[in-house]
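Undergrad: Handing you a structure now.
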Amino acid sequence: MTGSSSQFQQLEKLGEGTYATVYKGRNRATGALVALKEISLDSEEGTPSTAIREISLMKELDHENIVTLYDVIHTENKLTLVFEYMDKDLKKYMEVHGQQSALDLKVVKSFMFQLLKGIMFCHDNRVLHRDLKPQNLLINNKGELKLGDFGLARAFGIPFNTFSNEVVTLWYRAPDVLLGSRAYTTSIDIWSAGCIFAEMCTGKPLFPGTANEDQLIKIFRLMGTPNERTWPGISQYTNYKNNWQIFVPQDLRLIVPNLDSMGLNLLQSLLQMRPESRITARQALQHPWFHEITMPNAVPQHLSDPYQQQQQQQQHPHQPIIDQQY
């Protein structure tokens with residue numbers, strides 16, 4: 001798996017992250033474009049744990065909607081991960097191809113389907129991504145979407161893990177994580193997917209919070225302020241307050257006006273406040289909104305009311321792989 005840096009010609013810089021710089025590169029032997037993720041190594045501290053985690057996860061995750069890790073080059077002061085080259089991230093794609101960053105619904109449907117397939121593969125392999133956002137979703141010129149940057153991902157084979165709650169860019173962070181949950185499930189990636197879904201439709205982030213508390217308030221303004229009746233056990237969270245302003249849930253049709261009722265039903269299922277009420281990636285892929293992709297010759301189905309979630313949740317309860325520990 002370990003190659004030599006002389007195999008690759010470094011081209012322009014593509015971006016800089018918390019622990020790595022990414023360059024466009026070319027395989028000298030084949031001429032194929034690659035992305036070179038360079039991580040500087042501190043001689044005293046050695047390879048960062050984030051990088052080791054990313055490498056071990058990426059090697060295991062072989063799927064059409066997950067960026068392929070081709071090679072790992074380890075030198076004394078540098079670690080280079082060689083990934084398949086993708087043309088742009090979703091954020092850039094929306095800026096270039098969107099109408100004021102909002103995408104055509106056919107494109108949104110294709111990208112959501114691919115995103116959920118990538119998420120389902122991760123979850124089936126007991127991996128949480130934990131940092132899904134438009135900047136971490138990569139698009140190539142064939143219109144394929146792939147999950148990238150597993151720097152914060154963590155395999156969750158051991159039940160009752162207490163994870164650090166310093167994950168996921170604020171805007172895409174699930175309310176249970178914001179409230180201080182340290183033992184969460186696949187449902188945190190589902191919330192992020194819902195936020196990305198709405199953003200692709202409107203061109204604007206759904207919950208652009210400035211800090212943890214502000215992020216919660218922005219969610220409550222739209223989804224309603226939760227309480228023990230609507231979310232049993234919420235008062236046990238570390239960051240819970242019993243004096244939050246009371247907001248009533250808003251009609252999502254007003255927030256995402258260009259989305260049809262079936263799409264709104266899916267969005268509502270992804271953005272359930274209680275983690276155990278959120279739909280799973282597998283259930284989401286079977287949602288009628290995707291039938292033109294999954295069953296192109298079938299008769300269209302219609303849901304009676306996109307806001308009647310209770311009945312749907314009783315039929316398809318979210319089954320977390322890790323038990324929720326509060």
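Along the chain as shown, the residues are counted starting at 1.
Cβ coordinates are placed from backbone N, Cα and C, and glycine is handled just like the others.
Look at Swiss-Prot and you will find 8-290 tagged as domain 'Protein kinase', backed by sequence analysis. What Swiss-Prot lists as ATP binding site is Leu14, Gly15, Glu16, Gly17, Thr18, Tyr19, Ala20, Thr21, Val22, Lys37, and the listing cites sequence analysis. Residues or ranges marked as active site, proton acceptor in Swiss-Prot (evidence: sequence analysis): Asp131. As annotated by Swiss-Prot, region 'Disordered' applies to 300-326. The feature compositional bias 'Low complexity' is assigned by Swiss-Prot to 305-326.
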Undergrad: Looking only at Glu16, Asp131, the recorded positions on record, which one has the least crowded Cβ, with the fewest other Cβ atoms within 10 Å?
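TA: Sparsest of the recorded positions Glu16, Asp131 by Cβ contacts within 10 Å: Glu16.
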Undergrad: Using Cβ-Cβ distances, find the residues under 8 Å from Val22 (ATP binding site) that belong to the same chain and are at least 6 apart in sequence, listing them in sequence order.
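TA: Listed in sequence order: Lys13, Leu14, Gly15, Glu16, Ala35, Leu36, Lys37, Glu38.
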Undergrad: Note down the number of other Cβ atoms within 10 Å of the Cβ of Leu14 (ATP binding site), including every protein chain shown.
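TA: Other Cβ atoms within 10 Å of Leu14 (ATP binding site): 17.
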Undergrad: Look up Asp131 (active site, proton acceptor) in the DSSP assignment and reduce it to helix, strand or coil.
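TA: The three-state answer is coil.
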Undergrad: Is Glu16 (ATP binding site) helix, strand or coil when read with DSSP?
TA: strand
Undergrad: Can you tell me how far the Cα of Asp131 (active site, proton acceptor) sits from the Cα of Ala20 (ATP binding site), in Å?
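TA: Cα to Cα, Asp131 (active site, proton acceptor) and Ala20 (ATP binding site) are separated by 16 Å.
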Undergrad: Determine the Cβ neighbour count for Ala20 (ATP binding site): the number of other Cβ atoms within 10 Å of its Cβ.
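TA: Its Cβ has 21 other Cβ atoms within 10 Å.
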